[in-house]
Amino acid sequence: MSVVVDRWSGLRRHTPARIALGRAGVSLPTSEALAFRAAHAAARTAVHAALDADALGATLGAMFPAVAVLASRAEDRPTYLRRPDLGRRLDDASREGLALAEPKGADVAVAICDGLSALAVERNAARFLAAFAPHVARHGWRLAPLGIALQGRVALGDEIGELLRARLTLMLIGERPGLSSPDSLGVYLTHGPRVGLTDAARNCVSNIRDGGLAHGEAAHRAAYLCAEALRRGLSGVALKDETAPAPAALGGGAAAIGL
Amino acid sequence: MFSHTLAGQRHAFQDLATLLARATPLRSGDCLAGVAAGTDAERAAAQLALADLPLKHFLTEVVVPYEDDEVTRLIIDGHDAAAFAPVSSMTVGQFRDWLLSDAADGQALAALAPGLAPEMAAAVSKICRAQDLVLIARKAEVTTRFRNTIGLRGRLSTRLQPNHPTDDAIGVAAAVLDGLLYGSGDAVIGVNPATDNVAAVGALLRLLDDVIHRHEIPTQSCVLAHLTTTIAAIEAGAPVDLAFQSIAGTEGTNASFGVSLATLREGREAALSLDRGKLGDNVMYFETGQGSCLSAGAHHGVDQQTLEARAYAVARAFEPLLVNTVVGFIGPEYLYDGKQIIRAGLEDHFCGKLLGLPMGCDICHTNHAEADMDDMDVLLTMLGAAGVAFVMGIPGSDDVMLNYQSTSFHDALYARRALGLRPAPEFEAWLEASGVMAADGRFTPLEGGGRFAGALARAGAAA
C-alpha cells in the first residue's frame, strides 16, 4: 500500500548486503525495520555464547602432537568485554602448562580462540584446518601443540607462540558477530611471535564462513602467507598477500548487472 | 601541579595530561587506561580547574614528550602564533564563552583554526555540554573539493559503503547501484576491501572508476586499503582518486598502523601525481576513532578524547577531502554504551571542525556494545544539526564485511528531510538529471529508469 518496492530487488541474490529494501516515504518499511531488530537480537546472543574447548580439542587432536586447553586472564564474559588487556595474556596455569608442552621450536603454532563468537569457531575452525592440513604436509611444516584458549584476544596467540618457541603463530579466532554473520572466523599470522607485538606485525585473512570467504580459499591464502613469512623472516605490513584474487573480483562486476 | 577545592575537599592533578583526563566525561576507555576521574566530584573539580587554565599553557606543557613523538613536534612546530593571537589571553573557560558568542562567527573560526593546538580544542570540548558542541561546530564551515564540493552549509553528504565479505565484484556493483538510486555517494564511494591485496584492490578501483566515468557521477572513489598498498596500486597503474589511511594521535599508534608522517606525505604525493581531481586537490581520506592509542599500547597516559584531537592535527597537515571519526567501531571497552558513543561523536566532530577539518562521522555501534539504532538516530540528528559534512550510507545499516551497524541510505534521507539538508550541489544536480531524485529531495518515479534504465531492466528481468 504505502510501501514502494524497489525494481532492482532481483539484485539481492548477488550480495548478502541488505539492498533493495524498499521504502515507506524515505524510511524503512515495517517488515525490514523489525527484521533488523530480530537480527540484532540474534547477534547479541552470539556474543555471549560459550565455547566447548574440550569437545573441540577431541575433534582436532589427531592433526597435532598435543592439545592444550588454555585461558586468558579475563575470568568471565563481562570482564572480557571491558578488559581487552586481560584477554591478551594467558593466566598462570596456562603459562605453566605451555612451558611443559612438547615439542618446542616447531614451524607453526596453531591457536584457536573464542574471541567474540564461539559460534564462529564451532562452525569453521575444523573446516579451515582440514583445508589447511594438505598445505602443511606439502611444505613439510612441523606443528606445535594446538592451543585452544577461552576469553582470548588476537594477541594471545603471540604469547602462546612465544612459550612454544614457534617460528610463527596462526591464530583462529571468532570475529565480532555481524548482523547477518554471527559466525565469521578470522585467521591472524605473526612471524616471530612474542608478547608486546602490535597489529602491524600481523597478517589477517578474515570473514571465513559459509557465505563469506570459502574455507579452501582461506587456507590457500593463509598457507601462502605462512610460506612467505617463513621464507622472508617477517610478517605484517611488509608482507603483502599477492595471491590471485578470486575470479569474481577480477572485473566485469558493473557490466554484469548493466550498471 | 593543578588543583581545585570543591565543597571543602582539595583535588590535585599532577600534570596537564592528568587534568585533561580527569576532566573528561566518563567513558570506559579512560577507565581501562586507568586515567579516568575516580568520582563525579573529582571530575567536576578537574573541569573547574581546567576552565581556569590559560590557553597559552598548552604551548608550554605537552601531553606527549616532544623528543619522543613526531605528532607533538608537528603540533608545536606547526603552531601559527598569529592565528592564535585573538584568543591567546583567554582561559579555557573564557574560550568556551567566546566560542558561544556572536563574535565567533564562521570567518573568525576559520581564521583561528591554524592557531589552535588540538589539546586546546579537546580541553574546551570537555567543559561543553552536548548542545554547546552542536552550536559551536555549526558555525564552522569547512569546504573541500575533488570532483565536487563537500561541507557547504545546509548540505549533508554520504559515503556510499558497498562492502562485500569477499570483494565480489557483482555484489559490490549491486550495492553501488542500490546506494546511487537512494541518492547516496556524494562524499565518496568507498569500499573496505576484505583482503589487503594489490591485485584485488586494483580490481575494485577499476570497477568504481568505470561506474563513476560511465555515468558521469560528480564524486570520487576510494578503496580503503593500507596506504602502502594504495601506493603500490598507483605504481601498478590503478585509478586512485583518494588515498586512505587510518591515523591516530601518537607516533607509536601510527607506527602500530604501519605508517608515519613520512608515509602519509608519500601517499599524498602519489595520489596528487595522478591529478584526477576536477575541482580541487584534496586527495586524502582519513579515519580515526577514540581508543586506538590505548588499543595500540601507545597512549602515554593521555585520555582517549585528547588523543583523538591530536589525530586531527595529523590530518590537517595533509589537506584531506574527508576525515571520518568511526565513533562506535572499536567496541565497548572504549565507548561502552549509546550515551558514551553519542557524546564522543559530538566531541570528535566539534574538535575536528575547530581545527579546520571536513569532519564526517561513521555513526555506528557493534553488537557487543550496549547500544542500538535508537542511539544512532539521536547522534545522527544532533550531528546533522551540528553541520556534519558527511555520514555513512550502508545498505540497511548492516555492514556485511566489517560486522557492525552504521547509518543507512534511508537514515541519510531521514536526516536530510528532518533537518532540511541537501546533497553536495554537483551531486544534487546529477541526481535530478539522472532521474533519481528531484531537487526537493523527493524520489522521482524513474520512468523508463532514467540513466540506469539498462541496469533496472536487467534486474527486473532477473527478479
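Each Cβ is built from the backbone N, Cα and C atoms, and glycine gets one as well.
TrEMBL does not curate its annotations; it predicts them automatically.
Under DSSP, A:E175 (adenosylcob(III)alamin binding site) is assigned to coil, being neither helix nor strand in the three-state scheme. In sequence order, A:G115, A:L116, A:S117, A:A120, A:S184, A:L185, A:G186, A:S206, A:N207 make up the list of same-chain residues 6 or more apart from A:E175 (adenosylcob(III)alamin binding site) whose Cβ falls under 8 Å from its Cβ. The annotation adenosylcob(III)alamin binding site is assigned in TrEMBL to A:V154, A:E175, A:C204.
Taking the mean position of the Cβ atoms of A:V154, A:E175, A:C204 as the adenosylcob(III)alamin site, the remaining same-chain residues with a Cβ inside 8 Å of that point are A:G115, A:M171, A:I173, A:G186, A:V187, A:Y188, A:S206. A:V154 (adenosylcob(III)alamin binding site) is surrounded by 22 other CB atoms, counting those within 10 A of its CB over all protein chains shown. For A:C204 (adenosylcob(III)alamin binding site), other Cβ atoms within 10 Å of its Cβ number 21. Within the set A:V154, A:E175, A:C204 that the record links to adenosylcob(III)alamin, no two Cα atoms are more than 12 Å apart, and one pair reaches that distance.
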